[in-house]
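Annotation source TrEMBL lists [4Fe-4S] cluster 1 binding site at A:C15, A:C18, A:C21, A:C155. Annotation source TrEMBL lists [4Fe-4S] cluster 2 binding site at A:C25, A:C136, A:C139, A:C151. The [4Fe-4S] cluster 3 binding site annotation in TrEMBL covers A:C77, A:C80, A:C85, A:C119. Residues or ranges marked as [4Fe-4S] cluster 4 binding site in TrEMBL: A:C89, A:C109, A:C112, A:C115. Annotated domain '4Fe-4S ferredoxin-type' per TrEMBL: A:6-36, A:68-99, A:100-129, in sequence order. What TrEMBL records for A:234-255 is transmembrane segment.
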Amino acid sequence: MPVTEYGIVVNLDTCIGCRACQVACKVWNGLKAEETSFNPQGYTNPPDLTPNTWMIMQFLEGVEDGEPFWLFKKHQCLHCSEAPCAKACPVNAIEVHPEGAVVIRSDRCIGCRYCIEACPYNVPRYDPKTNKVYKCTLCIDRIQNGLQPACVEACPTDALEFGPWRELVEKYRAAGYEVYGDHVNDYVGHTHYLYVTRKYRSLGAKQGKKWYEVLGLPADPRGRLPGVQLGREVGVGLAALAALGAVAHAVYWRAKRMEKRSGSKGG
Amino acid sequence: MAREIRLFSELEIWTHKHVVHFAAALILTGLIISAAKLPSPLDSFFGWLAYALGTPASYLAKALGYSPFEQGYSAYSLGVQVARVIHRLAGVGMAAIGLVWLLGELPRIRKWQIWPEGGLGEAVRNLAAYYLGRRSVRFGKYNLGQKLWILSVFIGFAILFATGMVMWFRSSFSPETVALAHTIHVWAAWLGIAGLIVHVYLAIGIPEHRPMVRAIFRTGTAPEDFVKHHHPLYYEKAAKEAEEA
Ligand code: SF4
Ligand code: SF4
């Protein structure tokens, strides 16, 4: 039986920024608490992802049409279908599960941080103490045991919805929502975290931006993977060409020598 | 016995020998590190070498009191990790060899003939004539191809060393710098490998050139006839110097 591809919808319109998901993520994954302090930038706390904090609620403030807005954006790995991080990992420590989860296997990670170079959403975090990189797992351990991801289960307003990816996209599109993630670009493919809104659809329009760009989700996200990959592919080709050239020259050189020898015999 | 002409100093022989060792270590470990991302069948071959390094390393870790599991590495990852350590040490070793050579060569620096005698156009024509037309041409100690090769080994290694250092100490640099360094490192490494294939072929693959292999690896000298025929300009210079002395 084919495995169902799942997704998680983050509904910006109904999220109240209570951080229940952030706490549930910590609890389920057994992640240590952070030493936090007052964040002068706003209410986001801890201010960024860390090796021990795999998701945060970002509190985004601004003014649109003279009206202030306060938005809550759940930030974590988006679980890209093309998973450039996995393509960059030299030891295949990042597994891409058919359920949609992109998971780092700690026993394989060597701490090279190539995945960080490749991720266009600035997600994986390096811990120098363990020399490994960490990020959200989409709660693959729960999904494979018939449970919802911990963050989804904890959400009191159903702003997070877990379900088969295609059904979620169709449902929210049909209900008139704007969706980020159902097709992003060829670099990330589609994402298994889907951000949706009706309320904030025109956010940023005055500055010529899309609502998701105001949220920090790029329209055309790109990391540094292609340059490295191309270097390797062209390089292997060049090396093969050099070897072929050597063989061709050896054949030519030999023929020349024979020709010269028979010429000097004849002459 | 035919007279021998000195081509390479003891220092040059020593340097070349160790450059070969360190380059071999760098290339092998570099390929092991990137094995999983290489096209088939290179991936299986170098991937197998990663296991070959990682398995004994995990036994060693166990003997030293760590279990490989506690250490947190699978055999493959441990192999790549070991390769990374060797890669870094070999990079530093190679730089040290280069430094020793440079210091030793400093007194001779005035004698370096970097620009081809007779001009660039002449040097290009000579090179083409030799490799395609099989005509005897008037090369000095190094022909244009050899000069360019030495120069690119220097520049290439400097680039690899600098970008490698950025990758090694990546926390001290911006993500953009690290990613750029990684990209350049991969391109430069593969250009180096392709260049090395040509270099090894020209030295070993062409039977007429083999006296040079003996010279650079062991004696430092080549038979007079060989030098006269392949490097006449250098031969004349050497003969003049011998006369003056
Ligand atoms: S968001 Fe980054 S870490 Fe997550 S799957 Fe995409 S590339 Fe990988
Ligand atoms: S840091 Fe770990 S997960 Fe990331 S690319 Fe390196 S080995 Fe893979």
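Placed from the backbone N, Cα and C atoms, the Cβ positions cover glycine too.
This view paints the features noted in TrEMBL onto the structure.
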residue : record                          : Cβ neighbours (10 Å)
A:C18   : [4Fe-4S] cluster 1 binding site : 15
A:C25   : [4Fe-4S] cluster 2 binding site : 24
A:C77   : [4Fe-4S] cluster 3 binding site : 25
A:C85   : [4Fe-4S] cluster 3 binding site : 29
A:C109  : [4Fe-4S] cluster 4 binding site : 25
A:C112  : [4Fe-4S] cluster 4 binding site : 23
A:C115  : [4Fe-4S] cluster 4 binding site : 27
A:C119  : [4Fe-4S] cluster 3 binding site : 25
A:C139  : [4Fe-4S] cluster 2 binding site : 24
A:C155  : [4Fe-4S] cluster 1 binding site : 24
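Counting in whole angstrom, A:C80 ([4Fe-4S] cluster 3 binding site) lies 23 from A:C155 ([4Fe-4S] cluster 1 binding site) by their C-alpha atoms.
The binding-site residues under consideration are A:C15, A:C80, A:C89. Their Cβ neighbour counts within 10 Å are lowest for A:C15. Checking the binding-site residues A:C15, A:C112, A:C136 against ligand 2, the ones whose Cβ sits under 6 Å from it are A:C112.
Among the binding-site residues listed (A:C15, A:C80, A:C89, A:C109, A:C155), A:C80 have a CB atom closer than 6 Å to some atom of ligand 1, in sequence order. Here the Cα atom of A:C85 ([4Fe-4S] cluster 3 binding site) is found 18 Å from that of A:C139 ([4Fe-4S] cluster 2 binding site). Proximity to chain B, defined as a C-beta distance under 8 Å, is registered for the following binding-site residues out of A:C18, A:C25, A:C77, A:C80, A:C109, A:C115: A:C109. Compute the center of the Cβ atoms of A:C25, A:C136, A:C139, A:C151, which mark the site for [4Fe-4S] cluster 2; besides them, the chain residues with Cβ within 8 Å of that center are A:C21, A:A24, A:W28, A:N29, A:W54, A:M55, A:Q76, A:T137, A:L138, A:P149, A:A150. Cα separation, A:C21 ([4Fe-4S] cluster 1 binding site) to A:C115 ([4Fe-4S] cluster 4 binding site), rounded: 25 Å. Counted with DSSP, the domain '4Fe-4S ferredoxin-type' (A:100-129) comes out as 5 helix, 6 strand, 19 coil.
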